[in-house]
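Asks: What follows is a structure written as structure tokens; I'll ask about it next.
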């Protein structure tokens, strides 16, 4: 009976862990597809206009580092971190390539240089972690890099939070993106807790707090007739 009970508890624990990770993947997918309207406009107008490609460069580097952290050779047992960041990397790379195709020459060269820099940086992380570190030190090394990368991505929501407070308007903070960001962070926070992995639950815990702040600000400053425009992340502002 004790063995059966322990097995049932382990099974429930595993199911809850996987459910949290899968939910995080689904909510992340919402964020990955959110720039599609912007790139439809770029393709339709055959111009990048005033849009910036930098957010997608940063996001690609973040996805590459985090997917490497999620690989079994670095961190066994967290494959759902690998899957979500693999999908994210494909989306970000696609957005970057579209941007390069339709950008003016100066922007095109700049983006090509930054893209080369991203792959060079990732190759360095890959090589150093394989050649200089053995488990579990490899996981620690890549884990710290992934946390630094994730925390650097918080600059955008912090900027938007500051903008909303300053302008008392949610024009550049669409509700569905704020909600998806919060739910994704919450899901991966739970996944990290189930896996007892601080490199997952710490940055996502911070992301969850920022998500709550965004939702509170939306409730505080949204007006019935105000329709949010595109996310500020997609603009050159």
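Heads up, the Cβ atoms here are built off N, Cα and C, so glycines get one too.
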Asks: Examine the ranges 36-53, 54-71 and name the one recorded by TrEMBL as transmembrane segment.
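Replies: That would be 54-71, per the transmembrane segment entry in TrEMBL.
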Asks: Answer with yes or no whether the transmembrane segment (200-221) touches the transmembrane segment (141-163) by the criterion of at least three Cβ pairs under 8 A, sequence separation 6 or more.
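Replies: These two segments touch.
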Asks: May I ask whether the transmembrane segment (54-71) has at least three C-beta pairs under 8 Å with the transmembrane segment (114-135), counting pairs 6 or more apart in sequence?
Replies: yes
Asks: Are there residues at least 6 beyond the ends of the transmembrane segment (175-194) whose Cβ is under 8 Å from a Cβ of it, and what are they?
Replies: 13, 16-17, 20-21, 23-24, 27-28, 30-31, 34, 78, 80-81, 157, 200-202, 204-205, 207-208, 210-212, 214-215, 218, 222, 228, 231
